[in-house]
Amino acid sequence: MVSPHNNWERLVRAILQRERLRQSGQGHGRTSSGIAGAVPPSLGRATNVEAILQAADDIQSEDPNVARILCEQAYSMAQNLDPNSDGRGVLQFKTGLMSVIKQKLAKRDGAGIDRDHDVERLWEFYQLYKRRHRVDDIQREEQKWLESGTFSANLGDLEIRSSEMRKVFATLRALIEVMEALSKDAAPDGVGRIIMEELRRLKKSDAALSGELTPYNIVPLEAPSLTNAIGFFPEVRGAISAIRYTFRKLPADFEISGQRDVDMFDLLEYVFGFQKDNARNQRENVVLTIANAQTRLGIPVGVDPIDEKAINEVFLKVLDNYMKWCRYLRIRLVWNSLEAINRDRKLFFVSLYFLIWGEAANVRFLPECICYIFHHMGKELDAILDHEEAYRAASCIIGENSVSFLQQIICPIYETMAAEAAAINNGKTAHSAWRSYDDFNEYFWSPACFELGWPMKRNSSFLLKPIKRKRTGKSSFVEHRTFLHLYRSFHRMWIFLVVMFQALTIVAFNRGKSNLDVFKTVLSIGPTFAIMNFIESSLDVLLTFGAYTTARGMAISRLVIRFFWWGLSSVFVTYCYMKVLEERNKQSPESFYFRIYILVLGVYAGIRIVFALLLKFPACHTLSEMSDQSFFQFFKWIYQERYFVGRGLYEKTTDYLRYVLFWLVIFSCKFAFTYFLQIKPLVRPTKIIVDLRFLNYSWHDLISENNHNTLTIASLWAPVVAIYLMDIHIWYTILSAIVGGVMGARARLGEIRSIEMVHKRFESFPEAFVKNLVSSQTKRIPFNRQSSQVSQDNKKTSAVKFSPFWNEIIKSLREEDYISNREMDLLSMPSNTGSLTLVQWPLFLLSSKILLAVDLALDCKDRQEDLWSRICRDEYMAYAVQECYYSVEKILYSLVDGEGGVWVEKIFREINRSMDEGSLLVTISLKKLQLVLQRFTALTGLLIRNDPNLSQGAAKAMYDVYEVVTHDLVAIDLRDHLDTWNILARARNEGRLFSRIKWPKDPEIMEQIKRLHLLLTVKDSAANIPKNLEARRRLEFFTNSLFMDMPPAKPVSQMMPFSVFTPYYSETVLYSSSDLRVENEDGISILFYLQKIFPDEWENFLERIDGGATEDAELQERHSLELRFWASYRGQTLARTVRGMMYYRRALMLQSYLEWRSPGEEDYSQAKLPTTEGFGLSREARAQADLKFTYVVSCQIYGQQKQRKAPEAADIALLLQRNEALRVAFIHMEESSATDGTLSKEFYSKLTKADIHGKDQEIYSIKLPGDPKLGEGKPENQNHAIIFTRGDAVQTIDMNQDNYLEEAMKMRNLLEEFRGNHGLRPPTILGVREHVFTGSVSSLALFMSNQETSFVTLGQRVLANPLKVRMHYGHPDVFDRIFHISRGGISKASRVINISEDIYAGFNSTLRQGNITHHEYFQVGKGRDVGLNQIALFEGKVAGGNGEQVLSRDVYRLGQLFDFFRMLSFYFTTVGYYACTMMTVLTVYVFLYGRAYLAFSGLDRGIQREARLLVPMIMGFILELGLLKAVFSFITMQLQLCSVFFTFSLGTKTHYFGRTILHGGAKYRATGRGFVVRHIRFAENYRLYSRSHFIKALEVALLLIVYIAYGYAEGGAVSYILLTLSSWFLVISWLFAPYIFNPSGFEWQKTVEDFDDWTSWLLYKGGVGVKGDNSWESWWVEEQMHIQTLRGRILETILSLRFFMFQYGIVYKLHLTGKDTSLAIYGFSWIVLIGIVMIFKIFTFSTKKSTNFQLIIRFMQGVTSLGLIAALCLLVAFTELSIPDLFASILAFIPTGWAIICLAITWKSIVRTLGLWESVREFARMYDAGMGMIIFAPVAVLSWFPFVSTFQSRLLFNQAFSRGLEISIILAGNKANVQA
């Protein structure tokens, strides 16, 4: 057996090997940790064992003996902490550590060890280590720094060595701890005394050690830090001073963490028992909030550091919701008035609120509950502050003199919420049966909440836990699952539409006449209006069931009053109107009732108009708020319910008029269309049909025949009504597209839409950039202003400020591998800080311009002015010529002196003089210019090599320049003069002329030489630079955005601080090497795929990592980590998101660096200004960026991932190492066993960062009351981590997003929008546009990209303005952080109902008087699903979420409280969109079932002949219009079958939206975000789409077949085609889209494999544990899970009855039945059906169940077969039964069989009881097999033809083809050919 020692040695070797691999770029990339990496968590948390072992690793090479001493001490500590080795991994650790110690001892070659001298050896090493690393010097510098508050000049090297310094301090800390432990046993008079004195001195003065090693988040508050400058900004120091508190004494035994003064948080911690880490977290939060509020004021920090205005601003904003809550409940605030409390009290209240919020856990979703807690704790605090000494708060006391806020206040509430959440049954329990977060919160919307008491009564109804089968009672709203919510929430819209339809129909039937009779008929809308309002009030009464026992009495009273009011009104108005009709019919001159009726309607209409104006019209709203008349308030209350939320939902008058005008235009179009094209054409046919008395029905009609052909009329009008209710959304779509387009054009969107336009307008970019994006305080630009000419000054200044930013953008593009090194050189812009007087533009604008100018000069035969005029036609050519000329002059002056300098001066003086005189063409010979440039190019070619050894060659090249200029270029007169000039002639004769040159050393000259050489040598045009499409798009958008309206940029120090927040669960962080290499079934790996999809980026990557390695194997070995990141940055990974978001910090550091804000320094000389290259190393810039920006990734299960050593944990840790400002929050769970053996779990919210060794360093650990996941996962994940965010704004970013440096530079501008004028209220959410970066992967991805882009740009543009109903639709919106955290957070989390958690943040913000805007000058990248299955799952999730929204209280309140027009906008852009989508599909059903009715009843022909209907054409047109939404915006993509995709998408949305409202079942559907190039199996597609698309498509197909078989169309085939074309298109789209858009969907080999897989799945028997993916039976059972409730079963039963219509209709159409229409015929058909079923059972009877009767069974099957054939032959021969009748019978019985299966599934328990379940299952299997074969057959046939597969690949991957890629080879997996 292998010993533990050997095992440990193997483990150590493996660890060291892994670390070597990581350092060389392989593995997951954690930094070296050696022995320290194996410390068990139980030891690491309680001791510093890990730090001591890390120190031992670090000093092993310096002194192995000291390393051994540290290891032995670590072992002693581990033994003392866990002597029995009970903890997980402790025994193995201790055994292994002892093995390592023995190894260290063995290496001493047998020399003895005197452990008595260990402490002396340690002391000697400690002193030596301090001297070697200058620790005392650093401490002295720190003391000076602390005293002066300025950075010392000689600490510049520490900026670079800050991480090394921290490591030194960490090692010292470990040495000190071990010395302290060993010194206890040392002689007190020897080294022990010296050590004790050193320890005492350190504890008093050594702030550096503690400051560098104490964990902190952003501001080192516990102890000062030398490497972090943030604590020395005046505003931060002022904020720390502001929270300092010394007025009330704390007990002596109260421990103060760190080296700081007592502050307010210590007092609050002592009084209320807040957790220490909660206090530490909120202390930093408050300090940063106050500091940033101070800087925004722009007031210099003086004697009183923090201005009162800053304190007031924070106080009012943080406690704004509390103050509104108190006003609503009419209770007194904790303070009497704002003026009555001093700044300390204000800060106490702010700190108390944040501490309550920071420890509230799930109670944070209950903002008014937090107000209640704050209200009572604020009173307690107020009383305590009035006493001399602090004492414990009574409400939080537990035990003897101990307090815990968590245990006493939060836990009782949490436990009640957890009990309710446990009763949900994983989301299956009805919403009406349990209390959601909203129900708990709304308890505090009533003064009755104070019955809860303080301390809270545990027997209160609020804290009552649910008892099984007994409801606890909802608050005021119950989410019953019914479609009726659509009517209840938006009843005003439905009433308006019905009343208008009624009025238009009446007018149409009266031929448009306008007389008194018609007017009286139109007045029938009065009863309609009253009755529909009564229906709504009845629904209020019904749907509030479940809340009557707990709802507010006033709310119940209002329901009852409204119910009786509308009930009586309906009766009275209807009665009056009936009397009016009687008067009209009698033609009586008396009009008594008519007058009463008019009076009643008039008075009511007047009252409604008055209340509408007072409550909805902005100008009158203030008046209504001011009125205190109880009579007025009563009617106002009846008119509109009063909630805590939803008050004041009105907009500015101008905004109101804008969206009213928008809807008036829509109504004009809609009602004109409805009247002239829908209603009017049907008036005459309807009248004729009603009057027809003798129509021959071909079936047994039960309703219509003797009732004016009622069903016939209904079948004609039903589609018209359906379209009428739905087509308003089409008109909305058309108008919003027009308005959005106009607004986009006005906003200057799309002005720069090509790289050519970027080139043309580049000259204007610097000025626009400086105007918008550069702060007025930018000082750190080295710029010699005196050298600029006046005319060039503005352009030059702008160029100087623009160039560092532009170059950083270009550099980022290079780092991302979008451009090559050459492109980077050409795109980069010179600094323009030299002495050249003109602007130097990037070379891509000037390339080849010199050569073209030379060609112009060679062809010139005119004057100098004409030549210059021709050159100036291209402004960049003029710039190039001027720059070339001035650069040549400057370079020559710098190279030569003496006689050479005289020659240069003479030449340029003569040329300048001739240019001034206009005689340049006389002075020089333009024909020789080319020769001169060749010689000069040779000279610069030598100089750019920067090798002084080439000076001799350069001198010769210089002489060649002299020769060609003197003897070829200049005119003869000047040439003779130069030749005979004595000074030159003598030098030339003596060989001194240009015999040597001054080699250039000035960086400016070297830059000019390099640039001039490129100017002269780059011959090809740069018109296609950059080549990469993504780089082009980014530059185009960025440069375009410079000309759009945006607020000017504030200095970084004064900008609004913000956080970025990303929730993460278990998605891909970083592709591993194996992920990249592993091949799919087609032989394609991710890396291979990416190389072919992004070939230019792959080439740029190879160039960036220093060429050479082009083979994958070589790359994997040498550059594994870089390769993994390159691939991950092209997927939808967390690594990509983190890189993108950290660009914010990079941009802020650059901007801050150029603004040069350093504490204590105000004057900056030109000489001190460094280049921008080092901005990332500047402590000031880093500190300023950290003050303004925080990035928190909430990795919910990171703790679990670390415990099980998942690769995701290592990858997250790697991201932490690479990004020092990144913070990771996660939920940590600890299990512990109680004395009684029960296992208890404790949960913690933790925040970590990377420490100096690259390992996770815990910053905060805040205990939670229990498992935080009570509701939906994502919002709960966000909620637990939001306490770690900072700043005034928070941007929510999903983990499939990206960001760009150039966009990050505009974040300052975007945040200023919070202070902009955007209506009555300041913005609370800033919406920004997204760019979908997955659009180039495939055609499907392009469709999704275009759809998404349309919504996030044009759609949201219109929603924000003029409609004012933009909500939060997901990421990347920017929230007002303080506003939202004090109002419930940035999402809602109740289980299932809040499945679409994001949009509820928008609902909540709007209801709480927020304002949501949209801004399009800023964009963030976004990944979308790229495969059809992924897209369908995503759309299913969103549609299901919208189904849940229909039931929600938020939608109900917005629908009720918005004014009428804003309510319409809200409806049609949220749940109404999905309702209209469903109506579109239902319209097809209604129309086709209507046609089927006419066909079956035989009325088609008779009606057509009698009424001469235009119905077919009208219906065809209207139906096409109904599908207009699927094709409206996508005409350009028709060739790629986008309309097939969008029609298919229509079905997805309809299915999931409808099913969710009917049965529930909405859930988060993981779509996966990988690269989709794999082929999806036929069976997988069938499982996913069978119930949502295939069945419905086959039903429509059956209806169409019935119509073609039995219907009548007067126009024949043409009419039929026009009428049913769109329906057939829908059928084909729904049946075959999954296979059309399936890669390799028509490849023969794949088709064969699919068929085998399909049949195996279909025939495989299910069982316990068998999943639906493997067995049809298991899948079939899973598909029935949504039918849970009795209500659902009844609804399913009603819906299933429609299938019986086919059999009822067809049986009367058979030749066999002739003209007989008796019911007996239908009854006989059921006998035949039963017979067929019996025969089927005989043939499918399993012989396994009847082994004893096999012979009998076979005999019966044979006899039955013969009998069946004989019976059919006899029937055909001797009766009227025909062969078509047989097919018709099949057509009739198939739907009936499906109806029976549906009913059997619905009433499953009854069918099981009858013993028929097995038979039902086999029938269902047969149906699925049949449907599968119908779909599979065309796919198989098309697969025979190879060109179909090629065409499909072209169709799917057109974008890739356009980039020259062989995608078909990729799909085929033919890697060898591609690589060859």
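Note that Cβ sites are derived from N, Cα and C of the backbone, with glycine treated the same way.
According to TrEMBL, the feature compositional bias 'Polar residues' maps to 23-34.
Look at TrEMBL and you will find 344-457 tagged as domain '1,3-beta-glucan synthase component FKS1-like'.
For 21-41, the entry in TrEMBL reads region 'Disordered'.
TrEMBL lists 490-509 (among others) with the feature transmembrane segment. Counting same-chain residues at least six beyond the ends of the transmembrane segment (490-509), those with a Cβ under 8 angstroms from any Cβ of the stretch are 518, 521-522, 524-525, 528-529, 532-533, 535-536, 671, 674-675, 679-680, 683, 687, 721, 724-725, 728, 1455, 1460, 1463-1464, 1467, 1472.
Under the heading transmembrane segment, TrEMBL lists 563-580 (among others). For the transmembrane segment (563-580), the residues of the chain that approach it from at least six positions outside its boundaries are 520, 523-524, 526-527, 530-531, 533-534, 536-538, 540-541, 593-594, 596-597, 600-601, 638, judged by C-beta separation under 8 angstroms.
TrEMBL lists 656-677 (among others) with the feature transmembrane segment. Here the transmembrane segment (656-677) has long-range neighbours at 500-501, 504, 507-508, 617-618, 650, 724, 727-728, 731-732, 735, 739, 1361-1364, 1459, 1461-1462, 1464-1465, 1514, 1517-1518, meaning same-chain residues at least 6 beyond its ends whose C-beta is under 8 angstroms from one of its own.
The annotation transmembrane segment is assigned in TrEMBL to 716-743 (among others).
Remote same-chain partners of the transmembrane segment (1466-1489), defined as residues 6 or more beyond its termini with a Cβ less than 8 Å from a stretch Cβ, comprise 486, 490, 493, 715, 718-719, 722-723, 725-726, 728-729, 732, 1355, 1359, 1363, 1365, 1367, 1399, 1439, 1442-1443, 1445-1446, 1451, 1454-1455, 1458, 1515, 1519, 1522-1523, 1525, 1546-1547, 1549-1550, 1553-1554, 1592, 1596, 1599-1600, 1603, 1622-1623, 1626, 1698, 1701. What TrEMBL records for 1466-1489 (among others) is transmembrane segment.
The annotation transmembrane segment is assigned in TrEMBL to 1509-1531 (among others).
The transmembrane segment annotation in TrEMBL covers 1590-1609 (among others).
For 1615-1637 (among others), the entry in TrEMBL reads transmembrane segment.
Annotation comment: TrEMBL describes 1719-1739 (among others) as transmembrane segment. Only residues 6 or more beyond the boundaries of the transmembrane segment (1719-1739), in the same chain, are considered here, and those with a CB under 8 A from a CB of the stretch are 700, 1703-1704, 1707-1708, 1713, 1753, 1756-1757, 1760, 1764, 1785, 1788-1789, 1792-1793, 1815, 1819.
The feature transmembrane segment is assigned by TrEMBL to 1751-1776 (among others).
Here TrEMBL flags 1782-1803 (among others) as transmembrane segment.
Note on the transmembrane segment (1823-1843): residues 1578, 1582, 1586, 1590-1591, 1594, 1631-1632, 1635, 1641-1644, 1646-1647, 1650-1651, 1654, 1658, 1672, 1676, 1793-1794, 1797 of its chain, located 6 or more positions outside it, place their CB under 8 angstroms from a CB of the stretch. Feature annotation from TrEMBL assigns transmembrane segment to 1823-1843 (among others).
Residue counts for the domain '1,3-beta-glucan synthase component FKS1-like' (344-457) under DSSP, helix first, then strand, then coil, are 79 helix, 5 strand, 30 coil.
For the domain '1,3-beta-glucan synthase component FKS1-like' (344-457), the model's average pLDDT works out to 90.
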